[in-house]
Amino acid sequence: MSSTGIDKETTGGGGLAEIEKRPAHVENSADLDENAKLSDFKTGAIDAENEELKMGVLQAVRLYPMASFWAFVMSTTIIMESYCVFLMGAFVAMPFFQDTYGVLDSEGNPQIEASWQSALQMGGPLGALIGVFLAGPITSKIGYRWATIGGLMVLNAFIFVFYFANSLAVMFVSQLLEGIPWGIFIANAPAYCSEITPIPLRAPATQMLQMFWAIGAIIVGGVCYVYEKKLDHSSYRVPIALQWMFPTPLAILLWIAPESPWWLVRKGRLEEAAKSVRRLGSSKVVSSPEESVAMMRRVIELEKTDKEPNLIELWKGTDLYRTLIVCGVYAAQNLTGNLIANQAVYFFRQAGMDSNTAFALGLITSALQTIFVMLSWFLTTYLGRRTIYVWGSLINVGFLVALGIAGSVPETKSSQLAMASLGLIVSVGFTLGPAPASWVIIGETSAIRLRPLTTGVGRGAYYIVNIPCIFLATYMLNPLGVDLGGRCGYVWGATGFVCFLAAYFYLPEMKGRSYREIDILFKRKVPARKWKETVVDINDDE
């Protein structure tokens, strides 16, 4: 990487005339004034940024249709983690699975032991914890496309281990192995989606991840609703085998997808970056690809470093604050009732529903989550990320406390229905506010050159919190554990309130901000609650 922050790699052929006469770096640049270099392409950069800032959402979709499509494709990779997470949650509530691998509780009913139930559900996150730390360095080196394609091919192989597993121990190992490529998908998807779309589309593009998480749950719910009645091994082996329908088609699509132009610019491959911009936009795009590339170069110039991105940088200076925001938002997903959503079917069973009704309610919950994520596109786009995240978290805390109250009264049919209803509301409400907004925040917060590393470390924080929370959630619900039932709402309500307070004081509003503005506001150390009213001049570079 040169002193401008752009790697010394080839820029391609003789096209891109405007950029070729304004080199990304000069071999003997010690005497060259940095401001003079920046001004060489600043006019084009300003024009491109102004154009994005004045776009509406519908106009951005018309001008960048393929950016929307490729964000859709990359977001689809999240289905595979969602599918398997909800699959394990469904298996522990499945009668034949319980008969095959469970033990009898005090009432003579088969139950998967709490320790094994926790292990099966934390195997994937444990593997993903490994995957997210591999994702950053790999993606920084070879790009989003090839890192994700490699993960998809590895996942194809690891599904075999799960399919042929004949014990809970082997299932645990299979989940751990499958989790490694999940980590790559979940680290790369929000970063890629936020980089290939213009400013007005960043929120809808990254929020699609939450929608596909819900779609994965719908597929699991539908499949398990059909197969849970079967009293043979097909009841759980067929749902496992259906995982193979995702990786290969997605790998083929990503093979023909454009690489992130931001990643290409950072690597100094300016000609390829311009081609990528052309592929993402339509012929109606007003600004030239060269101006879009100039805008990206301008942001990368602000970093002024000659070092390769590394994990240590995430914990220094203003990047520390940005890393903590990403880690905090990721971790908070486990502490605001999300685990009730992930274990919805099992929660409904413990609330007194029969198996068939519990699976039907789980399917309804997932369908409602998908609808609510779509509604959140409008709320987050027009009201802002901070507003939806902060106040959505507080509302969710209120419902969690109500769930705790419903679980505290004497058990009757009415109290069981109240617990089931509130469990459904918490699961669905989470996907209207905090959940989808968190993906937008994660995609926008990190510095461009550190983005693959930041999203990887942030998701690592998610799994570090997720693993003990899975044990806690399981023991709170399992009859062989502490059997709190709806009273678990008190626990998640308390942790959710702490997350609300942290977000209120430290989460800035990034709605309508270019990456240049975000960089400058972090460097100026503007307090989080003052971001919305702070103006950054279009000519400012620091």
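Cβ atoms are placed via backbone N, Cα and C, with glycine included.
Taken from TrEMBL, the feature region 'Disordered' applies to 1-20. The compositional bias 'Basic and acidic residues' annotation in TrEMBL covers 1-10. If you look up TrEMBL, you'll see 69-94, 114-134, 146-165, 208-227, 239-257, 358-379, 388-406, 418-440, 460-477, 489-507 marked as transmembrane segment. If you look up TrEMBL, you'll see 70-511 marked as domain 'Major facilitator superfamily (MFS) profile'.
The stretch in closest packing with the transmembrane segment (460-477), judged by the count of Cβ pairs under 8 Å and taken from 114-134, 146-165, 358-379, is 114-134. Panel annotation: around the transmembrane segment (208-227), residues 71-72, 75-76, 78-83, 85-87, 90, 94, 189-190, 193, 234-236, 238-239, 242, 344-345, 356, 359-360, 362-363, 365-367, 369-370, 373-374, 376, 431, 435-436, 439 of the same chain, lying at least six beyond its termini, place a Cβ under 8 Å from a Cβ of the stretch. Away from its own ends, the transmembrane segment (69-94) comes close to residues 112, 117, 120-121, 124, 128, 144, 148, 151-152, 155, 175, 178-179, 181-182, 185-186, 188-189, 192-193, 196-197, 201, 205-206, 208-209, 211-217, 219-221, 224, 228, 235-236, 239-240, 242-243, 246-247, 250, 253-254, 257-258, 280, 342-346, 349, 355, 358-359, 362, 366 of its chain (Cβ-Cβ under 8 Å, at least six residues beyond either end). Highlighted: of the candidate stretches 114-134, 239-257, 358-379, 388-406, 418-440, 239-257 has the greatest count of Cβ pairs under 8 Å to the transmembrane segment (146-165). Only pairs six or more apart in sequence are counted, and the transmembrane segment (358-379) with the transmembrane segment (418-440) gives three or more Cβ pairs under 8 Å, enough to call it a contact. The transmembrane segment (388-406) makes contact with the transmembrane segment (418-440), as judged by at least three Cβ pairs under 8 Å among residues 6 or more apart in sequence.
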